[in-house]
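Colleague: Handing you this structure, nothing more for now.
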Amino acid sequence: MGSHQQEPWLLENGKPRVLTKETRHGRSAHRMSSTSLRKKSSRTLVSKVPCATLRNLLSNLQEVILGTKLSILIPAIPAAIVAECFGFGRPWIFILSLLGLTPLAERVSFITEQVAFYTGPTVGGLLNATCGNVTELIIAIFALSSNKIAVVKYSLLGSILSNLLLVLGTSLLCGGIANVGVEQKYDRRQADVNSLMLLLGLLCYLLPMLFKYSGASAALTVDPSLHLSRASSIVMLIAYVVYIVFQLWTHRELFEEEDDGKDGEDGSEEQAVIGLWSGIAWLVGMTVFIAVLSEYVVDTIEDASDSWGLSVSFLSIILLPIVGNAAEHAGAIIFAFKNKLDISLGVALGSATQIAMFVVPLCVIVAWIMGINMDMNFNLLETGSLALAIIVTGFTLQDGTSHYMKGLVLLLCYIVIGACFFVQRTPFNNQADVTNITLKPATNAVLSA
């Protein structure tokens, strides 16, 4: 923190507010992973500013804007806004918006952790459980408002696949190579819980698709499948609430990550660097910018698809998750290099579980409220890819040990799935007609006869 006088809003009983053993409870793998991309900045110049209000403002700007190794991407945020205002090329707006979302996602994680210093571990854990994938949720809501239901499904499916295969695979591969002479172990219990949740989510995704295929006529199964999807979404949200109770209260020891009490790069205990109300204000501001860039992404994704000759499914399933979650993914890989696989697994599996059991059903409920008929049928190819990803991941993690071969297999599975969607060409002429996008059953032959 430096030798300068502490600001009053950073003090607790006259001493700097630090992350004690008690407040360390509930510190998830997501929040620990994001710390690997942060950097400390000197406050020597800021501390010399005579005006306290200006000093606090500059200190906040320094910690929030320059306190990450991804600060080099922050200029992409105003660049995307300027490109939109002056009518630059739509593909440029798309890629600038994606790049701008990368540091914003990492900064939201940082700010929620700062707020947790003051609210306690339980509220901090709830913030992480609901805001951990705020970027995907906001993109999905804007896509729903534009009636681009296929983009919503593809982007959320891509996030799950990315976490299970790309992030986890790269982490195990890099960790295995870096620690080739060391037996790598991790706690299976957290992985088992997340695997069970993912299998429950897979069941809820499979049934609407099978329901449509089992009907004699696709037209007769549309409404029942929609009702089934909405009922399943309610069940999934209830299961996720119980999962949060399980994670934060009854069995929180399974999800707490040990870091030897040393969080800073110099081995010192981590201290709060911004105040409570400043953190809340920054959180609101970051959410606004994420919303703006998410709207740009949704509006320009089809233009980028046409310009680059890539399908919308490939951009949504592969490119969006990789760029949007780059900070979190990089943190998981860094901890794998340090042979801290519990943190890497917590990031990959926790994020996949959050999207599958919270974000997807929430989008179905939001679409229901908006009067949009979004079901949970992800189509045969997409659902099959998800099922195989969950099964392969479950087999990979069954024995509690890891080596680079496991990571390589997961990564190769992701490459094959990515190649599949790269060559796929799905028509997006009518976004409102979800059946034409997501359903191509054999019964179409009967209807056309």
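Each residue, glycine too, has its Cβ placed from N, Cα and C.
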Colleague: Any idea which of 98-125, 126-153, 154-181 is down as transmembrane segment in TrEMBL?
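Modeller: Checking TrEMBL against the ranges 98-125, 126-153, 154-181, the transmembrane segment one is 154-181.
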Colleague: Report, as numbers and ranges, every residue of the chain located at least six residues beyond the transmembrane segment (314-337) whose Cβ falls under 8 Å of a Cβ in that stretch; write 'none' if there are none.
Modeller: 29-30, 32-37, 68, 70, 98-99, 101-103, 105-106, 109, 135-136, 139, 150-151, 154-155, 157-159, 161-163, 166-168, 170-172, 174-175, 178, 297, 301, 304-305, 343-344, 347-348, 351, 382, 418, 421-422, 424
Colleague: Who are the chain neighbours of the transmembrane segment (193-211) in space, where the CB to CB distance is under 8 Å and they lie at least 6 residues beyond its ends?
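Modeller: Residues 164, 221, 224-225, 228-229, 232-233, 235-236, 239-240, 243, 246, 254, 349-350, 352-353, 356-357, 360-361, 375-380, 383, 386-387, 390, 393-394, 397.
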Colleague: Taking 3+ C-beta pairs under 8 angstroms (sequence gap of 6 or more) as contact, is the transmembrane segment (154-181) in contact with the transmembrane segment (272-294)?
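Modeller: Judged by the Cβ rule, the two regions do not touch, with the required three close pairs absent.
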